Ligand code: CDP
Ligand code: CDP
């Protein structure tokens with residue numbers, strides 16, 4: 001059986017950075033599931049049709065990391081048929097040998113409820129806004145408002161809301177360097193591999 005690592009948490013908490021590092025460290029595949037929703041959100045037209053017909057070219061767009069794409073993603077992500085259309089690909093990816101790391105909002109709860117390791121990564125709103133503002137060259141206050149709006153929509157939706165799975169390890173990176181956050185995550189994986 002492949003080894004599966006599920007990483008969830010709000011925007012700019014550091015989950016993608018940790019997911020990439022774990023994948024590299026353990027030789028696992030990595031899927032940033034947010035990209036599926038971002039690509040669906042920016043494609044235009046009927047979002048359900050967009051999700052059902054996502055193709056390679058949709059992921060080559062340069063505007064997927066923008067704040068606007070993040071907002072568009074969180075709007076289409078509340079549509080159950082959109083989530084359903086993206087489900088099989090994610091579940092299939094999680095089965096890749098020798099293992100896979102998936103990061104998003106519902107990995108530990110819906111996509112991979114039996115994952116070997118689950119992490120729920122958080123950081124204070126202000127720290128997250130500062131991080132994302134630095135990445136995008138944007139204003140911290142504007143980013144704070146945007147992230148809060150997106151988090152509220154993601155946590156409040158009826159279908160697959162962003163929530164910590166009961167068995168997920170909580171990792172607060174507010175005061176952590178990237179190196180320390182990665183170390184803590186590696187520790188959680190090694191403990192599971194050993195035991
Ligand atoms: O994937 P997610 O949106 O949760 O966050 P990310 O893309 O991994 O991290 C957002 C930004 O915060 C990146 O620029 C990271 O380098 C930075 N970061 C940080 O400064 N300290 C951490 N402990 C983790 C991430
Ligand atoms: O990197 P960041 O955390 O800012 O965002 P992302 O992971 O790229 O996700 C963008 C949006 O997609 C989120 O705000 C969610 O609305 C949605 N999403 C989701 O609903 N379920 C997932 N597994 C991943 C993302």
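Every residue, even glycine, has its Cβ placed from backbone N, Cα and C.
What TrEMBL says about this one:
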DOMAIN    5-40  domain 'Cytidylate kinase'
BINDING   9, 10, 11, 12, 13, 14, 15, 16, 17  ATP binding site
DOMAIN    61-188  domain 'Cytidylate kinase'
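Projection of TrEMBL feature records onto the structure.
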| residue | record | CB count, 10 Å |
| --- | --- | --- |
| 9 | ATP binding site | 28 |
| 11 | ATP binding site | 25 |
| 13 | ATP binding site | 27 |
| 15 | ATP binding site | 29 |
| 17 | ATP binding site | 18 |
Using the Cβ centroid of 9, 10, 11, 12, 13, 14, 15, 16, 17 as the reference point for the ATP site, which residues of the same chain not in that list have Cβ within 8 Å? 103, 121, 123, 128, 173
For a Cβ distance below 6 Å to any atom of ligand 2, name the binding-site residues from 9, 11, 13, 17 that qualify, or say none. 11
